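Before any comments, here is the structure.
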Amino acid sequence: MRKHKAPPSGSPRTMAQDNSQSEPSGGNGESPAATTAAAASVEAPQQSLLLGHNAADASAAAVASRLAPPPCQHPINNSNNNSNISNNSSNSSSSKERPRPTVRFISLLHVASYVLCLCAFSFALYGNVRQTRLEQRMQRLQQLDARIVELELRLEQQQLLHWPAEQTQVLASHPSDRDSSNSNNGSQHLELHVRRELHRLRRDVSHLQLTRRQQRRQAAEAAAAAASGEGGSGGGQCQCQPGPPGPPGPPGKRGKRGKKGDSGEKGDPGLNGISGEKGAAGKPGDKGQKGDVGHPGMDVFQTVKGLKRSVTTLHGGTLGYAEIVAVKDLQEAGVNVSASTVIKLKGEPGEPGPPGPPGEAGQPGAPGERGPPGEIGAQGPQGEAGQPGVAGPPGVAGAPGTKGDKGDRGDRGLTTTIKGDEFPTGIIEGPPGPAGPPGPPGEPGARGEPGPIGPAGPPGEKGPRGKRGKRIFGPGGTKIDEDYDDPPVTLLRGPPGPPGIAGKDGRDGRDGSKGEPGEPGEPGSLGPRGLDGLPGEPGIEGPPGLPGYQGPPGEKGDRGDIGPPGLMGPPGLPGPPGYPGVKGDKGDRGDSYRKMRRRQDDGMSDAPHMPTIEYLYGPPGPPGPMGPPGHTGSQGERGLDGRKGDPGEKGHKGDQGPMGLPGPMGMRGESGPSGPSGKAGIPGAQGETGHKGERGDPGLPGTDGIPGQEGPRGEQGSRGDAGPPGKRGRKGDRGDKGEQGVPGLDAPCPLGADGLPLPGCGWRPPKEPIISTPVHKDYLPDVTQPESNTSDYEQEEEEDDEQAEDNENEYDEYQDNLHNNE
């Protein structure tokens, strides 16, 4: 008989081993289930928090899931475990195994679940506090928005209440009363400025209100969408409330260039074109009748007193510019000669007159004095050709023949300096004369009627962004229905503005239409006798012959020799005014003496309600720069001859002047080679003075004359047409800091190094207008003349700049107040 007999089901040793082997397997099978349950309990509250569920509910569900029995165990396993436990307890003495860690693992899971519950509770408490603070902030913002809307409504109501009375009062005023109400211009301008600022404030507040309403609408839509999502999906979406609106974004980039505008209207007709070229010379007319005998002439050299030596030495010689000087004193002898007629003698020669008929040869008479030109006689029949007479002394120059072909240009002539040196030169034109003193101001003209309103100018470029303005709050008004769907655009447009102030004179308007041609002028007086012609070739002395026929146009002559250098000529007659000089650099800005006087005289009369301001006159400033040339006025009537001026003081010896113009032709030189003898014409009788012919074509522009002396003061010309508006000049650079001013009148005058008071100290403003010392007594300035247009333009530009600066400062203050209130 054996000691260890195996039963049918197996030996106990084998069962114990099986049980021991099954227990680890059972323990191993239990540990993955517990790990899975713990992981599920940890992930459950996290998923509930992410989905928006309450943290407390999630933690409670997690604890319940941990306390529940594991769902993966079966009853068979429980029975097996019980049997295993009993077997283990019965066989504990026989088997040596490690203790199981199941109880310790479960206690660790409980501690972790408790920690997670505490964390979830703290997170829930923090979310509740934060949500409460956000709700309080939203309530404050809503109260502020309601306050802004209420203030805006009050301001609009006040504007609507005060507007009808002011509009009816402005519209009822007659245009004629506007001129008499110049004293109210300042108050009207202030009212217009206030209304403009109120309109700008209303526009900004309306824009702010629209933005706030849009934000409210978006918040309401988001809340409604969140509520609908929560009811439909059962808490599957986030229920977070939207946060406060963010700050406004930065300004966007500049937009693209706009499309091309519509074509403009048809422009005004252009100016008249330039005059055409001079027409061809007409055919020679018929021969005139024989004229009467002319009056005896007058010896210029015996009549005129006080001739210069250069003129008397040329008596009987070659004539030139020097003989023109002899005409200056012919007025005292009864001959009507003026500077205008003398200058006209320098023009182009007129068309040749009709030749007279040939007369019979008369007996040689005694040489008579030179008489004035006779009148042109009636045209007579053509006589027979007479016998050629004996060549007489040089007669009076005949009528100028037709203009021949232009000859070749000669070599440049020679002239001499004061020392007698010769040097080649052409027609030397002297430098332009110095600018004459400013003419006296004319009498102030009557105030013109206001000009018509000019056409609207082209749209200007987009200006820079203005500064912030002030924010003005009006009294409260009734509160309207706060409907978010109502568009606030109606608040942007205000009532129509009152009619503007009457504009100034329309000097910037368009040029008027060309006037009708004036009536033909009266025939001019008989002009002086022309200058004698050049001496002819020396011939046999004989009786003076009568003027001959006008010969046919001569052939082109040969090129002549260079003549000897001429003598220095006498000073010429006053020439026409020179061309305007080059515009100088811009001078320093003068003192505001005239501007202060203008504001004191004109500004006080326009605004009598303003307090009177007493200005302290400063010392007279330096003379300003010469202004631009004014518009050319219409030619005035010829003034009366002024009386002879007082003899001036003897001046100092001046500097040596520039080289003068070429002098007159020199004395007759040696006789050149005799040319081909021409056929002597039959001397004709002097014709009668012809009638004034029709006005000829405009001649070519003449060369610049010698700068003339200062002429007498002319009468004030009529006001010219308004010129085109000039472009507005850019603002000049800031000037340098001025010198130290004159000490005050109340303080004692400081003494200089020489012990005398400093110059300018103790100066008192004059009681009368300051008049600068004139060059001549005829050039006294007229204080009553209105100021020039340039000063008016400067005044307008300065006023515009001041107004723009005031507007920018007010807008800056308004923007600052607006941001502070927000």
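Glycine is treated like the rest: Cβ placed from N, Cα and C.
Here Swiss-Prot flags 76-94 (among others) as compositional bias 'Low complexity'.
When pLDDT is averaged over the topological domain 'Extracellular' (126-822), the result is 68. For 126-822, the entry in Swiss-Prot reads topological domain 'Extracellular', with the evidence type sequence analysis.
The coiled coil annotation in Swiss-Prot covers 131-162 (among others), and the record cites sequence analysis as its basis.
What Swiss-Prot lists as coiled coil is 194-222 (among others), and the listing cites sequence analysis.
Look at Swiss-Prot and you will find 241-299 tagged as domain 'Collagen-like 1', backed by sequence analysis.
Sequence-distant contacts of the compositional bias 'Basic and acidic residues' (284-293) (same chain, six or more residues past either end, CB-CB distance under 8 Å): 352-357, 359, 374-382, 402, 684-690. What Swiss-Prot records for 284-293 (among others) is compositional bias 'Basic and acidic residues'.
Residues or ranges marked as domain 'Collagen-like 2' by Swiss-Prot on the basis of sequence analysis: 350-409.
Helix, strand and coil counts under DSSP for the compositional bias 'Low complexity' (360-402) come to 0 helix, 2 strand, 41 coil. The compositional bias 'Low complexity' feature in Swiss-Prot is assigned to 360-402 (among others).
Under the heading compositional bias 'Basic and acidic residues', Swiss-Prot lists 403-412 (among others).
Summarising the annotation, Swiss-Prot assigns domain 'Collagen-like 3' to 430-469 and lists sequence analysis as the type of evidence.
Residues or ranges marked as domain 'Collagen-like 4' in Swiss-Prot: 493-526.
What Swiss-Prot records for 504-517 (among others) is compositional bias 'Basic and acidic residues'.
Counting residue by residue with DSSP, the compositional bias 'Low complexity' (522-540) contains 0 helix, 0 strand, 19 coil. Swiss-Prot lists 522-540 (among others) with the feature compositional bias 'Low complexity'.
Positions annotated as domain 'Collagen-like 5' by Swiss-Prot: 527-586.
Among the features that Swiss-Prot reports, compositional bias 'Basic and acidic residues' is placed at 583-602 (among others).
Each residue of the domain 'Collagen-like 6' (621-680) gets a DSSP state, and the totals for helix, strand and coil are 0 helix, 0 strand, 60 coil. What Swiss-Prot lists as domain 'Collagen-like 6' is 621-680, and the listing cites sequence analysis.
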Task = For the domain 'Collagen-like 7' (681-740), jot down how many residues DSSP puts in helix, in strand and in coil.
result = 0 helix, 2 strand, 58 coil
